[in-house]
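So the structure is just underneath, and the comments pick up after that.
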Amino acid sequence: MNRTPQLGFWVAAGVATFVLAALAALLWQAPPLNLNLIWQDAYYRHVTQFSFYQAFWSTVLSVGLAIPVAHALSQRRFPGRDLLLKLFAMTLVLPVLVAIFGLIAIYGNSGFLAKTLHSVGLSLPFSIYGFNGILLAHVLFNLPYASRLLLQSLEAIPSEQHKLCAHLGMSRWQKFKWVEWPRLRQQLPHVAGLVFMLCFTSFATVMALGGGPKATTIELAIYQAIKFDFDLQIGALLAIWQMLLCTLLTFTLQRFSHSRPMNSAASKVTERWIRDSWRAKVWDASWIVAACALVLPPLVMVVLAGLNSKLGKVLTSGDFWSAVSHSLQVASLASSLALASGVAMLLTSRALRLKAAHRRANGVEWIATLILVTPGLVVSTGLFLLLRNITDVFSLAYWIVVAVNALMALPYVVKTLSQPMWHLAQQYELLCASLGMSGWRRFRLVEWRALRKPLSHAFAIGFLLSMGDLSAIALFGSQDFRTLPLYLYQLLGSYQMDTAAVVALAMLIMSVGWFYVIERLFAQRPLTKR
């Protein structure tokens, strides 16, 4: 049996030390650890309740509406479907402020919808700022993502089951009830739990659309306590409070989530063996069009709004290109670090699983997901408190932001690569062992060729997440060091809307462009005979 790679253990130890050091600084700053102080304070009690409230309704709408959207997409094949699914996959990692700018351009007080209604003597019935805007933004980000995950479950149904339903003369509803719904039900706890966690720890969305004290989450309260009030004890106490809540949510999610593995015999054929009718076609088309109407208009408005008179001025601005340079540097370093760390940890956990040491393997992979329990802003807060008495924190801001962004991308890298790497080991481990193939030679001849696509996808996700992140840079950014998200947020805060529109367009183009470039660079090349 091959020796277990030790590098993954060292990487896991480094990640754990990094996070635990930040948490130790928080505990040191809040020595009484009196969490009752939070619950006794009416404001912080409201902040906690609002965090749960907005996350609950965001999850209900995102996942509830994703079910008919995913079902409709599983039933229909149409021109542009693959492009739409790629767009759905990108919404989760799309820079948050870009999508928010598009929402404001449509639903804002001076947006397209408000102007259209005003021209006919009506007014917009809601405000984009506050709970309504937060809910709308979360649905925009998470409904397409949830639809993609649920669609994978539906497409994993073997074609034999579709044929059997047709032979038994099942109606559309009977097929959904007895075949498709059990598949969806297996995946729903995992999807709903993941969406809830993403909404509960949302930072940039609430920061941009929050309507003051009435619409503030715990994460934003941490930022306000440290950045504006410089109340380090309250900031530390809130960070520990959020960490405890996230830990409880994570264990609850693991308790109720038992996602069914995808069947290798899943049907990918276009023939779906369904009893079709015009009503079914209208029903499916309505949900697909509704999903497109939610996702596409904000992106279109970003493009239209960005083509304004400030375009030339922004493109010749030193501040803009400085922000672009910092964004690309941070994204490149953070995504490379996350990918290398994720692969090292998965090589170790995979070797442990081959030796039936599943508990140790799960432990290694769980360390990679620590950031889901301790969100980036909490880690940033701890590092700020840890380093402020040792050195000038802002002199290390660049490397801290890179490290925190790499840590935030690590769970997505591990999630993307864990199953492909495990399946590859199951297929080729014995063959590689019999050929004496290991180390770099095995990686070059086997791993790289088989895993090029998931590796490119993992790197692209990490790159876009890091390029669009606001949580770490919001705490450590300055006039000399700011990325595009911070630059855009500052422009929106000073109501320079035309300039902000150009920056948002640039971020959108860069996100889509880099996603395409990265996938092309890693594109699977046909094997040639030597």
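Just so it is clear, glycine is given a Cβ too, placed from its N, Cα and C backbone atoms.
Keep in mind that TrEMBL annotations are predicted by a computer and have not been checked by a curator.
Marked as transmembrane segment by TrEMBL: 7-30, 50-71, 83-106, 126-145, 191-212, 232-253, 285-307, 327-347, 367-387, 393-414, 458-479, 499-518. TrEMBL lists 48-255, 324-518 with the feature domain 'ABC transmembrane type-1'.
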Winner by Cβ pairs under 8 Å against the transmembrane segment (191-212), considering only 7-30, 232-253, 393-414: 232-253
Closest-packing stretch to the transmembrane segment (7-30), where packing means Cβ pairs under 8 Å, from 50-71, 83-106, 126-145, 232-253, 285-307: 232-253
Leading stretch by Cβ pairs under 8 Å, where the reference is the transmembrane segment (50-71) and the options are 83-106, 126-145, 232-253, 285-307: 126-145
Within-chain partners of the transmembrane segment (126-145) [C-beta distance under 8 Å, separation at least 6 from its ends]: 50, 54, 57-59, 61-63, 65-66, 69, 87-89, 91-92, 94, 96, 99-100, 103-104, 107-109, 111, 195, 198-199, 202, 205-206, 209-212, 214-215, 291, 294-295, 298
